[in-house]
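J.: Once you've had a glance at the structure underneath, I'll fire off some questions.
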Amino acid sequence: MPMPKLKPELKAGSRPPWVGLAAAVWVEISAGNAYNFPLYSSALKSVFGFSQQQITFLGVANDVGESVGLLPGFVCNYFPPWTVLLVGVFACFLGYGVIWLALTRTIHALPYWALWIALAVASNSNAWFGTAVLVTNMKNFPLSRGTVSGILKGYVGISAAVYTVLYSSLLEKSASKLLLFLTLGIPVICLALMYFIRPCDPSGEDSSVHVHFLFTQAASVLLAIYLLVLTVLYDTVALSDAVSYVLLAIALIFLLSPLGIPIKMTLFRANSGTLTPLAGSTEHLAPEERDSTQADPLLSPFSSASNLGSFFEREYASDVETLLALGEGAVRKKRRPRRGEDFKFHEAFVKADFWLLWVVYFLGVGSGVTILNNLAQIGLAFGLDDTTILLSLFSFCNFVGRLGSGALSEHFARTRTIPRTLWMSCSLIIMVLGFVLSALALSGTLYVSIALLGVCYGFLYSLTVPTASELFGLKHFGIIYNSILLGNPLGALLFSGLLAGYVYDAEGTKQGSSTCLGPECFRLTFFVLAGLCSLGTILSIFLTIRIWPVYQMLYSSGSFYLPRPSGH
């Protein structure tokens, strides 16, 4: 007699994954709070009398906290997402609370090192927020990793525009009010959404899934355009409070639009027979068969390994000898995981693919974050009185890059089996052009170069997520992905803190002021970053050549292939 089920199973493609994705959008916007640093860095500089290099090193603290996610990557394998989010809530409240108290002089004589640690703790909330929602949703939508990554990372990128609009309207361009909102507002939002971020049976594939993703992407694009227009309005036109509130209400509707998908699925239930289940799904099995199946639904075995082809034969020819020995009973040895299967962290750590991806990310994103950390000073050096439009432009283009990279790379991976790293190469080439254009300081080209750098920064940041999961699997994805993210703070330290900050202060000293004016303030920095991106281009092309057979194996059928668990 079969045992009664204590907990009903969630059908693949049902509402829970989409409810979780809609909630994740708000958490990811909360996880973009580190992008607010340019909005209050000038206030910190004036209140505490910091030099530009000191402010730049505070920006490094911002990047260190945001990107050091090894601990949340480890924790997410053993604890539910709500516990990971709860740690992020505590870090956000504590870190930004200390900075707010220091800026408002509630705490007097706070040493520089304590402010640095507080900012690192505050921005580290992003690592906990982002890891919880990204790992959960990648597993809930394992067949659409690039698209999901692009959407979620896109909302992180657009968060700077969201905060800029709030800063310019409700917060009256007050740095202290902004920090108070970060201290109290973000924790409240994440606590309210904590219940909805949870793992469930992964969504399968049918035509409606594609339409739902298109709707979410379109809504996010409209939101990004609307926020950019809104920022320009707030900067150029004096609006009444009533008009301002109406405009903010429209933005709120755009932010709530992803909830339209689960609402539509509730009101208009789709025919379950049209859904294509994942390989190895137990949905259509008899109850006895389903109970006896112990396979992980996210990592279910494929019916045949025949399509692995000569790729595995070339890379793992030594497996033949092992199999012969196993047949004779001489050895009992678990084989190594193959690219596309689940790697443990120490197994991925010794792979050349891991380090090539890490260095490409380090060079590209490290260069991009240097621009972000110094955006306010770059604008002032080039003669701009108000840099909020520059920040919104970078944020919008960063969003376009993140969202576009997911859709573009997903399309070509499925139709042409082209590795996502090829688009990394293209992005790095464009970044070289953007840095050279900035260094030349031709009239009217600042906005063009910042836009190009923002798009490419978004491409590189977003493409790393699905690439890491495709090469090394989802089982330990959290810690593997977060270890790659360490390239961000290291790049910020070397390129932003040491290089850009030193060059800026040196040029300012020549002018006899702590504030540097003119294109020479960043010219050397731009040329060095162009050289680093050139090196990254070469390495990314080499990585693309290496992993092309992996994508031919994973996407040869036109859809993502879930490899069998390696059993290691």
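If you go along the chain as it appears here, the first residue is 1 and each next one adds 1.
In case you wondered, yes, glycine gets a Cβ from its N, Cα and C as well.
Found this in TrEMBL, in case it helps:
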DOMAIN    17-263  domain 'Nodulin-like'
TRANSMEM  82-103  transmembrane segment
TRANSMEM  115-135  transmembrane segment
TRANSMEM  147-166  transmembrane segment
TRANSMEM  178-197  transmembrane segment
TRANSMEM  209-230  transmembrane segment
TRANSMEM  242-261  transmembrane segment
DOMAIN    351-547  domain 'NFD4 C-terminal'
TRANSMEM  354-372  transmembrane segment
TRANSMEM  378-401  transmembrane segment
TRANSMEM  422-440  transmembrane segment
TRANSMEM  446-467  transmembrane segment
TRANSMEM  479-504  transmembrane segment
TRANSMEM  524-545  transmembrane segment
J.: Would the transmembrane segment (422-440) count as touching the transmembrane segment (354-372), if touching means at least three Cβ pairs under 8 Å and pairs must be 6 or more apart in sequence?
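T.: Counting Cβ pairs under 8 Å, at least 3, so yes.
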J.: Of the listed stretches (82-103, 115-135, 147-166, 209-230, 242-261), which one yields the highest count of Cβ-Cβ distances below 8 Å with the transmembrane segment (178-197)?
T.: 82-103
J.: Of the listed stretches 82-103, 147-166, 209-230, 242-261, which one has the most C-beta pairs under 8 A with the transmembrane segment (115-135)?
T.: 82-103
J.: Are there residues at least 6 beyond the ends of the transmembrane segment (242-261) whose Cβ is under 8 Å from a Cβ of it, and what are they?
T.: 18-19, 21-22, 25-26, 29, 162, 165, 169-170, 212, 215-216, 219, 222-223, 226-227, 230, 233-234
J.: Quickly jot the same-chain residues contacting the transmembrane segment (147-166) by Cβ under 8 Å, restricted to those at least six beyond its ends, or write none.
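T.: Result: 21, 24-25, 28-33, 35-36, 39, 130, 133-134, 137-138, 141, 178, 181, 213, 216-217, 220, 223-224, 227-228, 230-231, 234, 248, 251, 255, 388, 391-392, 394-396, 398-399, 401-407, 410, 458, 461-462, 465-466.
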J.: Check the domain 'NFD4 C-terminal' (351-547) for me and report the mean pLDDT.
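T.: Computed over the domain 'NFD4 C-terminal' (351-547), the mean pLDDT is 89 on the 0 to 100 scale.
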